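What TrEMBL annotates here:
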REGION    1-31  region 'Disordered'
COMPBIAS  21-31  compositional bias 'Basic and acidic residues'
TRANSMEM  82-101  transmembrane segment
TRANSMEM  108-129  transmembrane segment
TRANSMEM  169-189  transmembrane segment
TRANSMEM  195-214  transmembrane segment
TRANSMEM  288-308  transmembrane segment
TRANSMEM  320-340  transmembrane segment
TRANSMEM  347-368  transmembrane segment
TRANSMEM  374-398  transmembrane segment
TRANSMEM  410-433  transmembrane segment
TRANSMEM  445-468  transmembrane segment
């Protein structure tokens, strides 16, 4: 909720009112400020609590174990691919509904989907039930946009960066706590996977209750901007475009609001502007990374638990350490993201090289994960793989967003995510789905190794081209002596030329 800016008091009003201490704010200003702080705190608490799902790290061994007794082929080639398909199917509708419905209804949908996931995990016995579970998983993943963008409706633009870091930190802390809690329950208390899923069901049900107490914002990024603009909020890219549409003859109400279809027109204009911005080399490079590397990254995440079970099919649940690995990778990812903010280099020159080196390291880690017979070595390689990806994420966000308005930035990331999901779906159909090649997990990881190796080669070739072009531009132009001109030479210069 944005607090309208208070108009300055006139001199006559100031003289009539008693003077207040300079260090104190008027009660009318203090109350709204405390209100939005409480809203941000509650949203961060909500983000933390909704991540507490201690059974999530153990879903694959639960499906392959005696509780469900699915085969590895069923989990790899029939159940898991549905997650990618459902995510692609609901991504665009949820992206639009999130803004149009002002966040809260989509957060409620996410909580209901979480409850559906754990009910199906506990009660479902067929492949179809598990495929439906993966469908709801895709819904929850697409609905994450509602939480990450909700906070922008609560605070002023000057506080966006800090508040976004608070909300992201609360989510990472929740994931870390959930993974540690699940691992402790499995290793120390010998809790069964089924019991852990019941505990997770209880937490996600509590998350639904927390969602109901979230306040529904009065404005959003795209479809609900007009009212905020007239109430004194800072104009955004959409508001400026809307003003242009008004001057072109748009219909107005008595309050000055446009009642025509300017929102749709403005969004189309913003999409065209994004297409024009796509000619920037920096935007092209980092968008290419976002699309192609994120597709490979999430495919590895989807199938890595199956790889672990193939390398070390533990019969004793206490020897399954998926939760500890997830906790370690989350912690390393947070540290890597934090450290990336302090990396100061000439990104215009060295971006492709940094991406190429990191991608080559990821390719090597995938090869190690797929060829080793030591589960601890595989765990370590996975933690480093996730950490290296998370290291580049904040850099990519900064490089893409630094020259864009908030609305254009949201569109760019939305478009990149959509194309990345399309690519991920195509790879899944060809490689993993039983209607395609239907590869088992080890051949799949060889494909992912080749995929990241090819990307690393492309980035490194791009880096070579960028460095060569830069060196040519940096060379000073050769001086051509004018014919007949007499030049004096010092002895040192003559010696050098000789």
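Any Cβ shown, glycine's included, is placed from N, Cα and C.
The stretch in 82-101, 288-308, 347-368, 374-398 that contributes the largest number of Cβ pairs under 8 Å to the transmembrane segment (445-468) is 347-368. Among 169-189, 288-308, 320-340, 320-340 has the largest number of CB pairs under 8 A with the transmembrane segment (374-398).
Distant neighbours of the transmembrane segment (410-433): 76-77, 80-81, 84-85, 87-88, 91-92, 95, 149, 221-222, 270-271, 274, 277, 283, 287, 290-292, 294-295, 298-299, 303, 397, 400-401, 404, 439, 444, 447, 451; these residues of the same chain sit at least 6 beyond its ends, with a Cβ under 8 Å from one of its Cβ atoms.
By the Cβ criterion (under 8 Å, sequence separation of 6 or more), the transmembrane segment (320-340) is in contact with the transmembrane segment (169-189), since 3+ such pairs are found. For the transmembrane segment (108-129), the neighbouring stretch richest in Cβ pairs under 8 Å, chosen from 82-101, 195-214, 288-308, is 195-214.
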